[in-house]
Amino acid sequence: MADQLTEEQIAEFKEAFSLFDKDGDGTITTKELGTVMRSLGQNPTEAELQDMINEVDADGNGTIDFPEFLTMMARKMKDTDSEEEIREAFRVFDKDGNGYISAAELRYVMTNLGEKLTDEXVDEMIREADIDGDGQVNYEEFVQMMTAK
């Protein structure tokens, strides 16, 4: 879901994430979330903060990492997703511009996003999106993956 964001949006969210991640350890805790929300004039309870974290905490470790944060932001923007945004996202992944996303290109972009993926995990992501079985993802397959509910 986060891969439907443009490079510019991802950069903006990285900045926002850094504002929350006070100690710079790559995760947002309930304490850090509370600090930022209070600085924005909100007054969430500890339980509310925990609920907000749990909502996006995919791996269940009690904190939000950047990929989880991106997923949350992407969800909020999902309704405004246009064909142009999807095409732009495809271009971000299709580094050599040949119309296909290879495993190497996917790995490169994911690594730049701070995702440390094994070759198996990258191959698995390609397989899931690769409808025609050619080992890479073309634009149509990418659109299918991005618009799948």
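Glycine too: its Cβ is placed from the backbone N, Cα and C atoms.
The Ca(2+) 1 binding site annotation in Swiss-Prot covers Asp21, Asp23, Asp25, Thr27, Glu32 and is backed by sequence analysis. According to Swiss-Prot, the feature Ca(2+) 2 binding site maps to Asp57, Asp59, Asn61, Thr63, Glu68. Swiss-Prot lists Asp94, Asp96, Asn98, Tyr100, Glu105 with the feature Ca(2+) 3 binding site. Residues or ranges marked as Ca(2+) 4 binding site in Swiss-Prot (evidence: sequence analysis): Asp130, Asp132, Asp134, Gln136, Glu141. Swiss-Prot lists 8-43 with the feature domain 'EF-hand 1'. Taken from Swiss-Prot, the feature domain 'EF-hand 2' covers 44-79, and the record attributes it to sequence analysis. Residues annotated as domain 'EF-hand 3' in Swiss-Prot, with sequence analysis given as evidence: 81-116. The domain 'EF-hand 4' feature in Swiss-Prot is assigned to 117-149; the stated evidence is sequence analysis. According to Swiss-Prot, the feature N-acetylalanine maps to Ala2. The N6,N6,N6-trimethyllysine feature in Swiss-Prot is assigned to Lys116.
Feature annotations (Swiss-Prot) mapped to structure.
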residue	record	Cβ contacts under 8 Å, 6 or more apart
Asp23	Ca(2+) 1 binding site	Glu32
Thr27	Ca(2+) 1 binding site	Asp21, Thr63, Ile64, Asp65
Asp59	Ca(2+) 2 binding site	Asp65, Glu68
Asn61	Ca(2+) 2 binding site	none
Asp96	Ca(2+) 3 binding site	Glu105
Asn98	Ca(2+) 3 binding site	none
Asp132	Ca(2+) 4 binding site	Asn138, Glu141
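Here the domain 'EF-hand 3' (81-116) has, by DSSP, the following mix of helix, strand and coil residues: 21 helix, 2 strand, 13 coil.
Assigned with DSSP, the residues of the domain 'EF-hand 2' (44-79) fall into helix, strand and coil as follows: 25 helix, 2 strand, 9 coil. Closest to Asp130 (Ca(2+) 4 binding site) by Cα-Cα distance, out of the recorded positions Asp25, Asp57, Asp94, Tyr100, Lys116, is Tyr100. Residues Tyr100, Ile126, Ala129, Ile131, Gly133, Gly135, Val137, Asn138 surround the recorded Ca(2+) 4 site, their Cβ atoms falling within 8 Å of the Cβ centroid of Asp130, Asp132, Asp134, Gln136, Glu141, which are themselves excluded. Here the candidates are the binding-site residues Asp57, Asp94, Tyr100. The one whose C-alpha lies nearest to that of Gln136 (Ca(2+) 4 binding site) is Tyr100.
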